[in-house]
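Colleague: Structure provided below as structure tokens; questions to follow.
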Amino acid sequence: MENPSSNSTDPQTPFDPNSNFNPKTPSKTNNNNNKLIPGFNSYHPSPSSSIYSDRFIPSRTSSNFALFGLPLSPKSSNTEDSNNGYTSLLRTALFGPDSGNVVNPVTPEKGVRGNGRNLKRPNCNIFRYKTETRQRLDSLLPFEFDDQIRGVSTSPVKVPRKVPKSPYKVLDAPALQDDFYLNLVDWSSQNVLAVGLGSSVYLWHASNGKVVKLCDLENDDNVTSVGWAQRGTHLAVGTSNGKVQLWDASHGKMTRTMEGHRLRVGALSWSSSQLSSGSRDKSILQRDIRAQEDCVSKLSGHKSEVCGLKWSPDSRELASGGNDNRLFVWNNHSTQPILKYCEHTAAVKAIAWSPHLHGLLASGGGTADRCIRFWNTTTNTHLSCMDTGSQVCNLVWSKNANELVSTHGYSQNQIILWRYPTMTKIATLTGHTYRVLYLAISPDGQMIVTGAGDETLRFWNVFPSPKSQNTESEIGASSLGRTQIR
């Protein structure tokens, strides 16, 4: 087969490559005739000159394979040794830390032995995708630079908060009643937990774990509700005979007894010096502890027992829930509700005002309802509804994040941490074997305590810490274990 880079000759006149033919000099076919050879022009290039054609055959003789760490010819071995450090660094930057296993490709020159037979070339495609070598762009830099020079932020990626699934402390609470309409647990701003057990009230100091009995009721009276004043020094105690006692917790003395209700007082809520009490007699009494009168005003509207009562953070609105499936909102100047919500289909005990958005109110319904509903009391609108699948017993908002906790009864007795407004579940906590009827939040906003008819109080770390404080709570892990509250 002819070499594709050679010129063609006239098929009628054979061309002898060994002849001394000069293309610049006319050639004779015989001595008698001075004519050009047919089929040839008067000028032909020399065979020793570079010949061009329409096909390109690359040559690697001048390639700098040392730049990629590839094997060189024997005469360039000294250069490879001198650049060995840079070659190794460049190979690592291009192919990753495991580049030592890369097989060097065989060049055409080294792939041919003297006998002209090609060697078998290994699979050595150096520029190919390898998922195991995908790295961050800044990690491919052959040298280390400061983050400021790189312009790459090395701040750690936020990891979703992990909520412990077990309580960090459990207190035995004998005689803690299994009654949906009572409110027997409250946590003060002074970090003291008040619990009503039967006819007695006990105080548990979270800072040192000390338990103190505050009072014993007389005449077979029982504690039906407890509520701390905002300063955390005075505790209101509702009783089954319709009275409300006011106690100075720091001195262990009762300062006042207020009457007005005919039946048990199951709900209490403070607003500065004003105390509201809800009763089984369907009424709500407004009391000012600075006044001599036991009752300043009476709020009427519910058709059944008042079991939920909460003042808004700005002390302008009072939300009440009853066994008549109604949720009412009152202000400081009226004796009739200014807003009425009738969407719940069961008793409304769970009520919570958002500390983050003015006028945002959450409420939960009982066994036949199982829903958490959100209301905007400023615009008087129903915002959303979430079916939880269980009786909603309590609600509380986080002070540090836009999250809330709900406790449940029939049928799962669970505690659910929600993210608002998406209402996605952050965590579901279980452990109580009875309805989780009681709920209170610690003053730092990180911990909650839950109580149930299984006669236990369980302490959970559910909410994030405030940004201005340390992540560790004053309560701390030093209170691990299980003890009795009395």
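Note that Cβ sites are derived from N, Cα and C of the backbone, with glycine treated the same way.
Annotations per TrEMBL:
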type	residues	note
COMPBIAS	1-19	compositional bias 'Polar residues'
REGION	1-44	region 'Disordered'
COMPBIAS	20-35	compositional bias 'Low complexity'
DOMAIN	171-460	domain 'CDC20/Fizzy WD40'
REPEAT	216-257	repeat 'WD'
REPEAT	299-340	repeat 'WD'
REPEAT	429-462	repeat 'WD'
REGION	467-486	region 'Disordered'
Colleague: How does the repeat 'WD' (299-340) divide up by DSSP, counting helix, then strand, then coil residues?
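Modeller: Its residues fall into 0 helix, 21 strand, 21 coil.
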Colleague: Could you tell me the mean pLDDT the prediction assigns to the domain 'CDC20/Fizzy WD40' (171-460)?
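Modeller: The predicted confidence over the domain 'CDC20/Fizzy WD40' (171-460), as a mean pLDDT, is 96.
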Colleague: Counting only residues 6 or more past its boundaries, what in the same chain has a CB within less than 8 Å of a CB in the repeat 'WD' (216-257)?
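Modeller: The answer is 177, 182-192, 194-201, 203, 263-270, 272, 275, 277, 279, 281, 287, 289, 443.
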Colleague: Counting each residue once, how many in the repeat 'WD' (216-257) are helix, strand and coil under DSSP?
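Modeller: Tallying H, G and I as helix, E and B as strand, the rest coil: 0 helix, 23 strand, 19 coil.
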Colleague: In the repeat 'WD' (429-462), how many residues does DSSP call helix, how many strand, and how many coil?
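Modeller: Taking each residue of the repeat 'WD' (429-462) in turn, the totals are 0 helix, 19 strand, 15 coil.
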